[in-house]
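Data first, discussion second: the structure below is written as structure tokens.
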Amino acid sequence: MDKRGSFGGTSSDDVEAPLLPPPARDDGAQELRSPPSWVRALLAHRYPAVAAGPAAAAAVCALVDLAVGGGAHARHHREARNMLAVLAWVFLWWVTGAVPLAVASMAPLFLFPLFGVSSADAVAKAYMDDVISLVLGSFILALAIEHYQIHRRLALNITSLFCGEPVRPPLLLLGITGTTFFVSMWIHNTACTVMMMPVATGILQRLPRGGGGGGGNAGAGTGTGAHDEVRRFSKAVVLGVVYASAIGGMATLAGTGVNIILVGMWSTYFPEQEPITFSSWMSFGLPMALILFLALWITLCLMFCSNNTGNALSGYLDRSHLRRELSLLGPMVFAEKMVLAVFGGLIVLWMTRNLTADIPGWGALFHNNVGDGTVTIMMATLLFIIPSRKNKGEKLMDWDKCRKLQWDIILLLGAGFAIAEGFRSSGLTDILSDGLRFLKGAATVVIVPVACVVSGVVTEFTSDDATTTLLLPLFAELAKAIDVHPALLMVSGAVGAQLSYLLPTGSPSNVIGFSTGHITIKDLVTTGLPLKLVGIAALTVLMPTLGSQVFGTNSKF
């Protein structure tokens with residue numbers, strides 16, 4: 001998804017009216033200052049941004065010389081230089097949005113063969129593997145959940161349970177963010193935000209927007225105070241959905257593309273090592289996510305809720321409102337129950353494919369030839385077979401309902417895997433990782449936060465997936481160079497890439513929240529910075545403790 005999508009609204013806090021009207025200018029002056037029509041056409045078609053990619057690649061090829069020797073050694077470094085040129089081209093197209101994200105993500109399919117990085121067959125294979133299958137199947141399941149409004153039913157049930165009588169804002173926030181957190185564990189965090197934000201804003205529609213009013217001075221003051229409380233609580237709800245989506249996605253492999261990229265790159269660089277499975281990642285990612293979720297809830301309560309918030313909300317929102325909205329959905333029908341059954345079965349299969357070294361999972365029955373993507377596609381296929389019992393011959397899902405599949409995300413993941421393989425095969429990672437050799441001999445409590453901070457800074461300006469694609473190959477080679485377990489750097493880098501909490505450009509979820517008009521950039525920074533610091537601190541503690549059990553980081557690699 002394009003992170004630079006237009007903000008559907010603006011906040012009054014960000015826009016100020018000019019104090020004086022603009023000075024009058026005659027038509028001649030305006031004509032002189034307006035750019036020529038051909039310039040306007042170039043800008044409108046984004047041709048400068050389109051040209052920036054090839055121009056950057058040409059500049060790298062012309063000016064960058066990585067060769068330090070002759071013969072085969074020089075040829076190897078020439079391949080690394082060409083890989084760097086391709087990376088510059090693709091990265092600029094990603095960042096500037098010169099072409100749609102999906103199109104930019106397909107660029108390696110023609111750039112790699114043209115620049116001699118790899119063959120056409122080799123790069124094409126990176127765009128479909130078991131990891132991509134997992135994402136594709138998860139997206140189909142997410143569309144089924146959205147089509148039957150299961151997420152809305154779940155949100156209203158949990159929110160009405162936590163609402164309280166009278167309204168208790170901290171509990172209501174816990175219900176909304178907790179639901180979002182849970183949903184995001186099982187579907188892509190961007191899709192979760194798209195699904196849950198209308199639910200949250202639907203609740204906020206019962207609340208007044210804008211400043212307060214009143215008849216007299218005292219009434220106006222009281223009204224203004226109540227409206228301020230409502231406005232602050234609205235910020236908390238929107239921020240809660242945005243951040244809970246990101247945090248919940250961290251807990252499982254299905255929740256975000258970053259974790260999928262990590263798994264793919266781990267198997268690419270270290271095929272002889274134990275793979276990172278759904279269950280093994282969840283045993284580490286879930287505790288990390290729970291710590292961040294607790295920090296999120298506490299931060300929202302401290303920053304946006306006061307003793308008067310409950311009284312201000314009681315006039316507009318109570319449990320009866322939520323139950324009335326839930327009753328409009330009616331009882332669960334057969335189709336909804338079957339979608340939930342398929343979804344629940346998939347979760348069980350994910351968790352039990354591999355158990356422990358002593359207790360093999362069901363995957364051993366198939367000689368461990370099956371992957372998480374295998375069962376995801378298998379269960380998604382059932383949705384096209386099981387009848388919905390709504391209309392004669394209608395199934396739970398058909399391909400028309402899948403037109404909203406996020407192919408841009410799928411192609412972006414494929415591009416990430418292709419770039420990772422290009423980094424490895426061209427030797428570019430060996431060259432670039434030399435600059436971080438100062439970490440050799442450093443303690444774990446230094447290595448982990450450094451990797452997390454580097455990734456966490458880059459991710460504020462580009463997508464989480466792009467950050468992971470760029471940095472994990474470097475961290476993989478750096479781990480070999482400084483003789484540490486690669487999980488210390490790669491897992492830290494992947495987690496850091498998901499801490500994109502400060503700017504609208506940080507993630508599509510941030511853009512979706514910002515577009516509601518309820519929050520400003522200042523709100524993102526003041527709320528996201530404490531969460532980012534908690535994330536770095538929690539990772540620094542968990543990696544050498546829990547990480548040693550899950551990834552074997554204490555063992556000799």
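Each residue, glycine too, has its Cβ placed from N, Cα and C.
Per TrEMBL, region 'Disordered' is recorded for 1-32.
Sequence annotations record features per position, and here TrEMBL assigns transmembrane segment to 47-68 (among others).
The transmembrane segment annotation in TrEMBL covers 80-96 (among others). Listed by sequence, the residues of this chain that lie at least six past the ends of the transmembrane segment (80-96) yet keep a Cβ under 8 A from its Cβ atoms are 46, 49-50, 52-54, 56-61, 64-67, 104-105, 107-108, 111-112, 115-117, 415, 419, 422-423, 426-428, 430-431, 461-463, 466, 470.
A Cβ distance under 8 Å defines the sequence-distant neighbours of the transmembrane segment (131-150), meaning residues of its chain 6+ beyond its ends; these are 186-188, 191-192, 195, 253-254, 257, 260, 263-264, 329, 335-336, 339-340, 342-343, 346, 371-374, 376-377, 379-380, 383, 396-397, 401-402, 404-406, 409-410, 413-414, 417. The transmembrane segment annotation in TrEMBL covers 131-150 (among others).
Here TrEMBL flags 241-266 (among others) as transmembrane segment. When Cβ-Cβ distances below 8 Å are used as the criterion, the transmembrane segment (241-266) is approached by residues 129, 131-132, 134-135, 138, 176-178, 180-190, 192-193, 196-197, 200, 273, 275-276, 278, 281-282, 285-286, 288-290, 292-293, 296, 350, 372, 376, 409, 412-413, 416-417, 420, 464-465, 468-469, 472-473, 476, 486-487, 490-491, 494-495, 497-498, 500-501, 507, 509-510, 512-513, 527-528, 531 of the same chain, each at least six residues removed from its ends.
Per TrEMBL, the feature transmembrane segment maps to 286-305 (among others).
If you look up TrEMBL, you'll see 326-350 (among others) marked as transmembrane segment.
Below 8 angstroms of C-beta separation, residues 129-134, 136-138, 140-141, 144, 253-254, 277-278, 338-339, 342-343, 345-346, 349-350, 353, 363, 395-399 of the same chain, each at least six residues beyond the ends of the transmembrane segment (370-386), sit close to that stretch. Residues or ranges marked as transmembrane segment by TrEMBL: 370-386 (among others).
Long-range neighbours of the transmembrane segment (407-426) within the same chain, counting only residues 6 or more positions beyond its ends whose Cβ lies under 8 Å from a Cβ of the stretch, are 1-2, 76, 79-80, 82-83, 86-87, 90, 100-102, 104-109, 112, 117-118, 122-123, 126-129, 131-132, 135-136, 139, 188, 190, 257, 260-261, 264-265, 268-269, 463, 465-466, 468-470, 472-474, 476. Annotation comment: TrEMBL describes 407-426 (among others) as transmembrane segment.
Taken from TrEMBL, the feature transmembrane segment covers 438-458 (among others). Listed as Cβ neighbours of the transmembrane segment (438-458) (distance under 8 Å, sequence separation of 6 or more from its ends, same chain) are residues 467-468, 470-471, 475, 478, 481-484, 488-489, 492-497, 499-500, 532, 535-536, 539-540, 543-544, 553.
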Task: Close approaches to the transmembrane segment (326-350) from elsewhere in its chain (Cβ under 8 angstroms; 6 or more beyond its ends) - done: 141, 144-145, 148-150, 152-153, 156-157, 160, 186, 252, 254, 278-279, 362, 372, 375-376, 379, 382-383, 386, 388-390, 396
